[in-house]
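Reviewing the structure listed below.
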Amino acid sequence: MRYLTSGESHGPQLTVIVEGIPANLEIKVEDINKEMFKRQGGYGRGRRMQIEKDTVEIVSGVRNGYTLGSPITMVVTNDDFTHWRKIMGAAPISEEERENMKRTITKPRPGHADLVGGMKYNHRDLRNVLERSSARETAARVAVGALCKVLLQQLDIDIYSRVVEIGGIKDKDFYDSKTFKANLDRNDVRVIDDSIAQAMRDKIDEAKNDGDSIGGVVQVVVENMPVGVGSYVHYDRKLDGRIAQGVVSINAFKGVSFGEGFKAAEKPGSEIQDEILYNTELGYYRGSNHLGGLEGGMSNGMPIIVNGVMKPIPTLYKPLNSVDINTKEDFKATIERSDSCAVPAASIVCEHVVAFEIAKALLEEFQSNHIEQLKQQIIERRQLNIEF
């Protein structure tokens, strides 16, 4: 399974083509749009999300509510394009018109793709870089992940996410599955412990008032994953390696870990390895889950726990020092409309990116042309965990 996105932040639309979804999977566009709506929420978002009403139009690959097995094309319209039609349109415009609209960017933002992207593609107007490097593209990735979540639900695989930390204020590292699920989306910072939600909001407000931004840590959990998905044989088939690549490909994500993650470096092996147990109902299972459901690059049947680190957004309303690429003079960096904190929304993006990586790995492990075939293979693998 693979996908390709296209579109710019202030262009007319985002388009995504997904190839490899099995036939006969029931798809309701409202289920996808429900996930799209979640991405737009969260405390700390900027004015852009007040303009956009992200909904998906499916234009190929689904007929009368069921997938055909052919490529699925989805479109997300950018409502803000109305204000950018001339500057972002395909038709040529004069340099005078461009200057009059004050949309040319020559002062790159530290921490963004602006300067290096301009060098790489020889763009003297850095808007050509930031329009594509913008996190607006993640709307298309959430649409892909939403499709994958529908597939995973048919296989009795649950995936959900939360915020663990914002600006140094932390929720508990781990919760039991029941507590986690019962408290999803109960507040606008997406933490389980309501008592720290206001402290996080205050931290976000403080950053906004200072013209600054803050980052944090998100967590994604995948439950009821069959054993043995991934491989120990080759580096590029390891499931944790694939998930890690997907997570750090999200805008502003700078780190990823599994289970206890970097804390594993502080403990002896006897406190980190998960002991193997067996009973006739569950088959093999682990007495703990310090490793986050992954051993030797493969799923071991325990919940897969993924932690992603998001740096503060690089666009600041109190901009840092930069250099004008035309005059080489010192200037403050360009200011673009942005969020002061996008960690709650990023947890949704991360959830859907992980959903894609999980679905892709499953479809490689259990090659199937239609959903019924895939379901049967999953049943057989789960039975193997009991009978082996």
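Yeah, the Cβs are placed from backbone N, Cα and C, and that goes for glycine too.
Swiss-Prot lists R132, S133, S134, N251, A252, G296, K311, P312, I313, P314, T315 as binding FMN, and of R103, R162, R337 the one it places in that same site is R337. Taking Cβ-Cβ distances under 8 Å and a sequence gap of 6 or more within the same chain, the neighbours of R39 (NADP(+) binding site) are D54, T138, A139, V142, A345, I348, V349, H352. The Cβ of S134 has fewer other Cβ atoms within 10 Å than any other of the binding-site residues S134, T315. Note: A252 (FMN binding site) has non-local neighbours A135, G215, M310, K311, P312, I313, P314, A342, A346, i.e. same-chain residues 6+ apart with C-beta under 8 A of its own C-beta. Among the residues the record lists as binding FMN, namely R132, S133, S134, N251, A252, G296, K311, P312, I313, P314, T315, R337, the two farthest apart have Cα atoms separated by 44 Å.
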